[in-house]
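Asker: According to TrEMBL, the protein has these features:
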type    : residues                                         : note
BINDING : A:Asp42, A:Ser56, A:Asp87                        : Mg(2+) 4 binding site
BINDING : A:Asp42, A:Asp87, A:Asp238                       : Mg(2+) 3 binding site
BINDING : A:Thr57, A:Asp58, A:Asp135                       : Mg(2+) 1 binding site
BINDING : A:Asp58, A:Asp87                                 : Mg(2+) 2 binding site
BINDING : A:His65, A:Glu291, A:Trp343                      : substrate binding site
BINDING : A:Tyr117, A:Gly134, A:Asp135, A:Arg161, A:Ser240 : ATP binding site
BINDING : A:Asp241                                         : Mg(2+) 5 binding site
DOMAIN  : A:40-152                                         : domain 'PurM-like N-terminal'
DOMAIN  : A:166-278                                        : domain 'PurM-like C-terminal'
There are 2 protein chains.
Amino acid sequence: MLEDKNKERTPLESMGEFGLIDHLTKGFKPVQESTVKGIGDDAAVLDFKDHKTVVSTDLLVEGVHFNLAYMPLKHLGYKSIMVNLSDIYAMNAEATQVTVSIAVSNRFPLEALEEFYEGVAMAAKIYGVDVVGGDTTSSTKGMLISVTAIGKAREEDVVYRSGAKEHDLLVVTGDLGGAYLGLQVLERENEVFKVNPNHQPDLEPYSYIVERQLKPEARKDIIALLKELEVKPTSMIDVSDGLSSEILHLCKESGVGCHLYEDKIPLDPMVISTCEEFGLDSTLVAMSGGEDYELLFTIDQKEFPKIKGNPNLTVVGHMTADKEAAYLISRNDAQIPITAQGWNSFAKT
Amino acid sequence: MLEDKNKERTPLESMGEFGLIDHLTKGFKPVQESTVKGIGDDAAVLDFKDHKTVVSTDLLVEGVHFNLAYMPLKHLGYKSIMVNLSDIYAMNAEATQVTVSIAVSNRFPLEALEEFYEGVAMAAKIYGVDVVGGDTTSSTKGMLISVTAIGKAREEDVVYRSGAKEHDLLVVTGDLGGAYLGLQVLERENEVFKVNPNHQPDLEPYSYIVERQLKPEARKDIIALLKELEVKPTSMIDVSDGLSSEILHLCKESGVGCHLYEDKIPLDPMVISTCEEFGLDSTLVAMSGGEDYELLFTIDQKEFPKIKGNPNLTVVGHMTADKEAAYLISRNDAQIPITAQGWNSFAKT
């Protein structure tokens, strides 16, 4: 699916470690004022003056977090950056720099890494972050990516997971469940392709959810929107593991409970129709699917008029006094305890 | 060698992703004033006020950078931190925080990760850095470690690779080649052990070089010493890939050449005797061995009286005007071009 057999392929061992890093990162020119020195020394040098520095790191493993059978390398590069920027935005901070490290086995030619870095470069450009460091090495099997993102925020702007109070409104951005369903579609097509290599996948009817999986966008726009609306959330987290898991994090860290209303959970029509096609419960998909990279936050009730009617923001519930007890209020008014169905990467499957 | 079969072993999948991170990092209490928020949110929050922030990242792969047959996990945790702190010190900066991410396959029980994190904690404590983030995930094969280190320095103190001038003296700390020879000894013992599992390795005669390999120390002390002596290097790099490779980096970045004197290269007596035993050339070992994590720097000649006679510092050569031409001046006065024998992790072996 990804390999064009006619392309020339340059074996990595012909590059040498230093030549490879130079080659892959030569297009990365700093745009952030805070980047004093980027790639090319023992460490990057950053200057944040009177701002707080925010740091987040993630590890992505082939066969665990992504499958190269249907994840184009350019998209993978893009998504690796999004995953981390999303964590920075979830602090109500501005992302400013990233470091990108990659380990690959010898089966990857230079052109594969170039494609990956193209995606990295595209993400860096669109989101205005500088790639200031990284490491390129070999692995004994498969591909592994480690990204660290750095950002800045004024002290008074930083939003933690721990500030939610009783009666605060629970708000989520965009819609949920799409990324998970996109993965189901891609996996189904891949199974068909394995049986019949002449099969031409028609992903067109699923374009939105496939894009949610392959090319997610971190919600930088929401951080700008909140500033514009003059709303500072009391707590915030990004939806990487699924709504259930993120709600439990906010509840635990803030020492509050939560009522989440099933009928308020924002779902795209394509999510609903694809759930029907796959025989999946759309609420379960939104609660446990993960990888949507939306933001979940709480605001004081008095802020409600400021966000009311904004198409990017949906109030899905409110926080309660019951420490660490979170409930889904179902369409038929049943009160169902929320349990962590967040993705457990060590579970046997 | 590493596994005590009587120990209880807890499978990782019984922990869950969040439980695992909480469990492994619960002992990490911030000591750095700049750590506003460490582990437990989407990102760490750091406050460097008027200092420059310095960031470095490294990826360590089982079977490429380490072999668990003779690398105890606690030492591996310690060494993972050292590798990164060394890069921070090579900027003449103070290391303040690290993030540690780890991917392991299901063959590793919880106790293995605990051991690894014990080494991380020990390194963090001794070097006064805070562990402020990380990611714990599964891999399809083996163990992979990604560490990002963060540090700070006053603007006027930062030392780049690019500041060396003609006539500057080239100085190296400690002694070289030990880590590489330690690895040779460990690999030999491991081969014997594979043939005869009852073989009891006697590493005592090689204690110094084995320790150089298993438990290297980053030269934080040298940064303090340079401040005390009021010496600011004109350029600096850490010796991770071998003296040749590091000299070429300084020459390339600074646009100068170099004369390195073979008879000045500092070698421990155990390095010399082990080289004889293995039939290796000690100069080649020092030049290409790598992993010594010493510092290599240049100073203006007028600073020489300040460092003269210091047992930690050896002048091994001087910089020349010839752009990018570096020579080893051998014991018999031959002028041999220095080529990068730095470790190439993509080379077929």
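Our numbering is plain: 1 for the first residue shown, then up by one each step along the chain.
Every residue, even glycine, has its Cβ placed from backbone N, Cα and C.
Bear in mind that the values here come from a model prediction, so they are computed numbers and not experimental data.
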Asker: Report the same-chain neighbours of A:Tyr117 (ATP binding site): residues 6+ apart in sequence with Cβ closer than 8 Å to its Cβ, ordered by sequence.
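Answerer: Result: A:Leu24, A:Thr25, A:Gly77, A:Val100.
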Asker: When a 10 Å sphere is centred on the Cβ of A:Thr57 (Mg(2+) 1 binding site), how many other Cβ atoms does it contain?
Answerer: 27
Asker: With DSSP as the yardstick, break the domain 'PurM-like C-terminal' (A:166-278) down into helix, strand and coil residue counts.
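Answerer: The composition, in the requested order, is 64 helix, 15 strand, 34 coil.
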Asker: Can you tell me the three-state DSSP label for A:Tyr117 (ATP binding site)?
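Answerer: Assignment for A:Tyr117 (ATP binding site) reads helix.
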Asker: Taking each of A:Arg161, A:Ser240, A:Asp241 in turn, which of these binding-site residues have a Cα lying within 10 angstroms of the Cα of A:Glu291 (substrate binding site)?
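Answerer: Among A:Arg161, A:Ser240, A:Asp241, the ones whose Cα sits within 10 Å of that of A:Glu291 (substrate binding site) are A:Ser240, A:Asp241.
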Asker: Could you tell me which three-state DSSP class A:Asp87 (Mg(2+) 4 binding site) falls into?
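Answerer: In three-state terms, A:Asp87 (Mg(2+) 4 binding site) counts as helix.
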Asker: Determine, using Cα-Cα distances only, which of these binding-site residues is closest to A:His65 (substrate binding site): A:Asp42, A:Thr57, A:Gly134, A:Arg161, A:Ser240.
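Answerer: Comparing Cα positions, the candidate nearest A:His65 (substrate binding site) turns out to be A:Ser240.
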Asker: Do the binding-site residues A:Thr57, A:Asp58, A:Asp87, A:Arg161, A:Asp238, A:Glu291 include any whose Cβ comes within less than 8 Å of a Cβ in chain B, and which?
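Answerer: Out of A:Thr57, A:Asp58, A:Asp87, A:Arg161, A:Asp238, A:Glu291, A:Thr57, A:Asp58, A:Asp87, A:Arg161, A:Asp238 lie under 8 Å of chain B.
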Asker: From the binding-site residues A:Asp42, A:Asp87, A:Gly134, A:Ser240, pick the residue whose C-alpha lies nearest to the C-alpha of A:Thr57 (Mg(2+) 1 binding site).
Answerer: A:Asp87
Asker: Check the Cα-Cα distances from A:Asp135 (Mg(2+) 1 binding site) to the binding-site residues A:Asp42, A:Ser56, A:Asp87, A:Arg161 and tell me which is shortest.
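Answerer: Closest candidate to A:Asp135 (Mg(2+) 1 binding site), judged by Cα separation, is A:Asp42.
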Asker: Between A:Ser240 (ATP binding site) and A:Ser56 (Mg(2+) 4 binding site), what is the CA-CA distance rounded to a whole number of Å?
Answerer: 14
Asker: In whole Å, how far does the CA atom of A:Asp87 (Mg(2+) 4 binding site) lie from that of A:Asp238 (Mg(2+) 3 binding site)?
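Answerer: Computed Cα spacing between A:Asp87 (Mg(2+) 4 binding site) and A:Asp238 (Mg(2+) 3 binding site) is 6 Å.
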